[in-house]
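Structure record follows, encoded as structure tokens.
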Number of protein chains: 2
Amino acid sequence: MQRLKSSDPDFADKFTKLVESRRESSRDVGRDVFDILARVKGKGDAALVEYSARFDQHNLTTDEDWSIAPAACKAAYDGLDSDLREALELAADRIRAYHEAQLPNNRDYTDDAGVRLGANWYPVDAAGLYVPGGRAAYPSSLLMNAIPAKVAGVERLAIVTPTPKGDSNPLVLAAAHIAGVDEIWRVGGAHAVAALAYGTERIKRVDVITGPGNAYVAEAKRQLYGVVGIDMVAGPSEILVIADGKNDPDWIAADLLSQAEHDPTSQSILITDDADFAEQVEDRVDVQCAMLPTRKVARESWDAHGALVVVEKLEDAIPLANRLAAEHVELAVDDPEALMKGLRHAGSIFLGRMVPEAVGDYVAGPNHVLPTGRRARFASGLSVLDFMKRTSFISMDKSGLEKIGPAAVKLAHAEGLPAHAASIELRLK
Amino acid sequence: MQRLKSSDPDFADKFTKLVESRRESSRDVGRDVFDILARVKGKGDAALVEYSARFDQHNLTTDEDWSIAPAACKAAYDGLDSDLREALELAADRIRAYHEAQLPNNRDYTDDAGVRLGANWYPVDAAGLYVPGGRAAYPSSLLMNAIPAKVAGVERLAIVTPTPKGDSNPLVLAAAHIAGVDEIWRVGGAHAVAALAYGTERIKRVDVITGPGNAYVAEAKRQLYGVVGIDMVAGPSEILVIADGKNDPDWIAADLLSQAEHDPTSQSILITDDADFAEQVEDRVDVQCAMLPTRKVARESWDAHGALVVVEKLEDAIPLANRLAAEHVELAVDDPEALMKGLRHAGSIFLGRMVPEAVGDYVAGPNHVLPTGRRARFASGLSVLDFMKRTSFISMDKSGLEKIGPAAVKLAHAEGLPAHAASIELRLK
């Protein structure tokens, strides 16, 4: 964990290092993934059988080996404790409502030249969702990926998920039931992503693939970008808390730890204008961390990547926050609105003292799949738009073409494209 | 050129082959590009000097060698024939108006639980635009990339473009002046893309890179996806014309040739319900092509990739069109609106007999950077959204957290994330 003070003479250098620190694995799996994709493309299901046996000790023989039936998801849902089921339903309802408000409007208008212009949005036909097996299989993550696809209007939503030795997570199945997932395939890894992108005998090709995964899965998506649409490359999670000294240090410590407990590569940063408060938070992090069942991961993350930054006044935090372009930014101050005005680069902002980031992970409604690793500079959280695409259209009659066509003819000739010009000139004769 | 008839017994197979035909180069430049990117990242400007001398015979020594000043763009603009200047201005005005109507709305609302939710859109800070040198340098392409960035509100728009032996295209410079481009760097190729993504001593890093280029440029963008945002992978251009027998075959032939003259890998397809009309179009393509200055390219494209498809009735064209998911689709029929209703997968649609695709390339207003190679299944044309990103926000007071927090606590515990739960529980005490 680092302690930085904006008044220190080497602050600028240290902060730049913090911004530029790489937490992502640089492990090069590109070649391996390339080979896996080629093999699935060429051999289809046979390649999946082979890789599943090798990587997951899972034999794909019967239909039940290959997929999990909707009835099994329904059974998992029915088997949940009622309060957990209600919590999942509340989360799903709120996520659905937020994403419904996100649906884009079509446009259709006629301009002064009498030219009719517009654009229509359509869902993709089919989407694939990667769901990790084991520890990283979160029902909340399934809801956050699947519900936007369904709200977008995607007719076919197929999940791929590894089931090592046949095991699957009942909470994830229950979430699949709630979200209305259409197919669940018991394959994981880069080969599962290849199956979704290229199609095999059993698994029909999809148009867009989203969802988190390990380095192989992420690399497979990257290599298949263009064959299918994908969501943004995901890196380790991060939180930036901007807090004044009037907060309960225990609350802020818990917020920092909620990020740290995700993964040793997670990053938690506090920026405050109160040096005493920073020290109190540091103490509370230590005390709380020692009691956490997840303390090993949380400690490792906090020690390696955590930071406490003391600035002279709160406004000084904003340019620093814009450079960090963090996935999550909490503004635990009296007037969070004023600070938000200057905050241009952030995945999601949590306004005020009563909005811990974790509430956004589960039930607030906005998507928790957010840009990481400074990518909020240019990327957005997952949305219905990731499962839709836009078709523009142009219409005019001869008088419209007479108005704007001659300019196009000029430009076509200037660009050395005479058939372009001819296609307009013939109609204007 | 292929002739297909939906009544032929082998039609389904032949059409599937047409849909799946690959026109893109499979040349593997991945390793070369990987090395170039690493070298620019490590050595900065020195690597650019080296590559520019090697690939473009252009020495980067003085400031003038490195960049083209805004004044030079202004001079190129002033030096244009007035009718060409007016044509460029008309195009720019119409592109600007269309993209202004595309600007997304922010959202901000409070729901029944008293939770305030919303999202704000921001432009990225800086965008980079690749502009090819030589034959493929089109002023229209510059306008179509640069204007959406400026309409989005991007403050810094930097162009990279190779100037082999020092040469640049005055029309492109004039377009840069009109579009308000801020910097023009005389470097091209994969190394120029790397410079935009990583930054060098002279060229500051950008957040998003768009624009067409050769296989090296495309691969560089693909490898840098995630370091920066990029536009969709671009492949060879294509047109699908759906026409009844009441069209002038010369018009439709010109439309098919306007696509074919772009590149030998371009594809032009006609689907019609009138076999005689298809034959007439075929004749007119031959006659017109022979007279085109671009006949060599157009002939090669038409012979290798062109297709005439005869269906029994026009409605039968729509499922075929959806499978082709073409970049451009013309509906040259009496009631184009009725056909458009079923058309889910297309980059851009041209409605009616008086809208040749070329008018969309230059002056109609919608973007001419569109998904190719069946990517309209999942991708959209370039828009202001490619230069913007969205930040969601969440706000609530204690009563809001009391309503939705307990469900989040449940789910956090179920997912084995106790610090997530604690950050909410502490506030609810």
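Note: Cβ is positioned from N, Cα and C throughout, glycine not excepted.
Here TrEMBL flags A:Ser237, A:Gln259, A:His262, A:His328, A:Asp361, A:Glu415, A:His420 as substrate binding site. Neighbours of A:His262 (substrate binding site), defined as other CB atoms within 10 A of its CB across all chains, total 24. A:His262 (substrate binding site) falls outside any helix or strand according to DSSP and counts as coil.
Neighbours of A:Asp361 (substrate binding site), defined as other CB atoms within 10 A of its CB across all chains, total 28. A helical conformation is recorded for A:Asp361 (substrate binding site) in the three-state DSSP classification. If you look up TrEMBL, you'll see A:Gln259, A:His262, A:Asp361, A:His420 marked as Zn(2+) binding site.
Under the heading active site, proton acceptor, TrEMBL lists A:Glu327 (among others). On its own chain, A:Glu327 (active site, proton acceptor) has A:Ser237, A:Glu238, A:Ile239, A:Ala346, A:Gly347, A:Ser348, A:Leu370, A:Pro371, A:Thr372, A:Ala376 as residues at least 6 apart in sequence with a Cβ closer than 8 Å to its own Cβ.
Under the DSSP three-state reduction, A:His328 (substrate binding site) is assigned to strand. Annotation source TrEMBL lists active site, proton acceptor at A:His328 (among others).
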Of A:Ser237, A:Glu327, A:His328, A:Asp361, A:Glu415, A:His420, chain B-adjacent recorded positions (C-beta under 8 angstroms): A:Asp361, A:Glu415, A:His420
Collapsed DSSP category at A:Glu415 (substrate binding site): coil
Three-state secondary structure, which DSSP defines for A:Ser237 (substrate binding site): coil
Longest CA-CA distance among A:Ser237, A:Gln259, A:His262, A:His328, A:Asp361, A:Glu415, A:His420, per record bound to substrate, angstrom: 56
Fewest Cβ neighbours within 10 Å, where candidates are the binding-site residues A:Ser237, A:Gln259: A:Ser237
Fewest other C-beta atoms within 10 angstroms, as judged across A:His328, A:His420, which are the binding-site residues: A:His328
Count of other CB atoms lying within 10 Å of the CB belonging to A:Glu415 (substrate binding site): 21
